[in-house]
């Protein structure tokens, strides 16, 4: 239907389309609800469209999800916040459907509407809706209700607030684990709206209930305790430091020794946030031993999560404590049987260097770096390489070059191309720190070698690498050490390598400037236009187009244009296309 007819789109047609067997037709109709509402006007939308949607019993989840999303943004179409309450009935029904994503979107839409509603409407319409859902016979309604309390509570009068806290406490003890999970998930948001006096009593009582969930039945019933770990951090930020230590700390320590590895994993993952909640003193006395246990856990997944937080955790401690308690575990993890544990450690261990200082890094960390650089698993080596600059800032370039450079040179020829790629990307930084003399001796040959790698990504990165090195050390250095070697490769028998050199030339030309481009680079490009391979010739056309802005107009007319004219008459269609494209740029 055309846009001219859209405002006249009748509700009768909407009804027909929503009853149509074709799901796509029903979906399209739902997605045009805002258009229909504008056509009907605010009053008819409230009296006809919304009631119809409340009674709509579509059983397709995709249609229901689209309707839920639309209703969340429908306040302007029903007459503003004064009439927002009319949107609650259809969303209330959607909060009870079986499909989780529909329920979650319904809760999200209700929260968006509730946060804009007037206080009186919240008390008269929104809070009764929350209470009805919380008392729902089917568990889906009770699950949805948990996500609405933080919107309903602040506007409620005191008697209603007491009732809402009581209802939430009952949801925390619900027979259905799914309801208790929802209560645990939303406890932090609800707690943030509750008064400090009730926080220490009612909320902490609910929290204690959730932390014990499943313990008496089976260690497999851990899903609620998992979510309670996140509540530790959320509640810790709301409580006074002394209350936090008294009520949260023991829970964290117990969770760190939980029978379920998934709970221990969650503690390891959330540990930094938990440390912030209980403060530095409690961290040093109680959480350091708990963290050491997690680093030595029987389950590899727990060790992975704990290893990934080792640098953040050490920042909270003094260097002495980190060396005494954490470093022995780090040494053990560097030779862990799980490659994923070693990889997680390698991704963060470099950050420990600034924390421990120069002496401890040289004595304790450097041997660990070297062992991880020689790890058989490529991801471990990759993670170490990508963070080398953090170590350089602490121990200095001289020691870095003596201890780590031999390992870096070895990795430059690693059998895994991603490792070689990481080394290439690190080279310009290393070059700037080593200085030109050291670079020429140790790393110069490697940069040329990569231009002939078997993997395209390596060759492409190598071409960018010579450009960045030329920028770092200047055109004079590049003329002596880069340009001659690059230009020699243009005659390589393999056409892919010749293409790489053309790419390198196009990158080097802006760095080298007009004079060197005209005297050294341009003749090589023109000669390559006679190549027998069409791919080379159309790349010549591309490179010539890229150098036009660099050289003078006379060079364009006398050298570049004649070459492009010749290429534009080539038998190959692609060569002609790119040559003509480049010719347009010469005008």
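Cβ from N, Cα, C; glycine included.
As recorded in TrEMBL:
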- 10-48: repeat 'HEAT' (REPEAT)
- 164-202: repeat 'HEAT' (REPEAT)
- 248-286: repeat 'HEAT' (REPEAT)
- 287-325: repeat 'HEAT' (REPEAT)
- 326-364: repeat 'HEAT' (REPEAT)
- 365-403: repeat 'HEAT' (REPEAT)
- 404-442: repeat 'HEAT' (REPEAT)
- 482-520: repeat 'HEAT' (REPEAT)
- 521-559: repeat 'HEAT' (REPEAT)
- 560-587: repeat 'HEAT' (REPEAT)
Self-check item: For the repeat 'HEAT' (560-587), the number of residues DSSP places in helix, strand and coil
Solution: 22 helix, 0 strand, 6 coil
Quiz item: What is the three-state DSSP composition of the repeat 'HEAT' (164-202), stated as helix, strand and coil residue counts?
Solution: 31 helix, 0 strand, 8 coil
Self-check item: Tertiary contacts of the repeat 'HEAT' (482-520), as residues 6+ beyond its ends and Cβ separation under 8 Å
Solution: 447-448, 451-452, 456, 459-460, 462-464, 466-467, 469-471, 475, 527-528, 531, 533, 535-536, 539-540, 542-543, 546-547, 550-552, 555
Quiz prompt | Averaged pLDDT score, the repeat 'HEAT' (404-442) | solution = 74
Quiz prompt | Close approaches to the repeat 'HEAT' (10-48) from elsewhere in its chain (Cβ under 8 angstroms; 6 or more beyond its ends) | solution = 56, 58, 60, 62-63, 66-67, 70-71, 73-74, 77-79, 83, 86
Quiz item: How many helix, strand and coil residues does the repeat 'HEAT' (326-364) contain under DSSP?
Solution: 33 helix, 0 strand, 6 coil
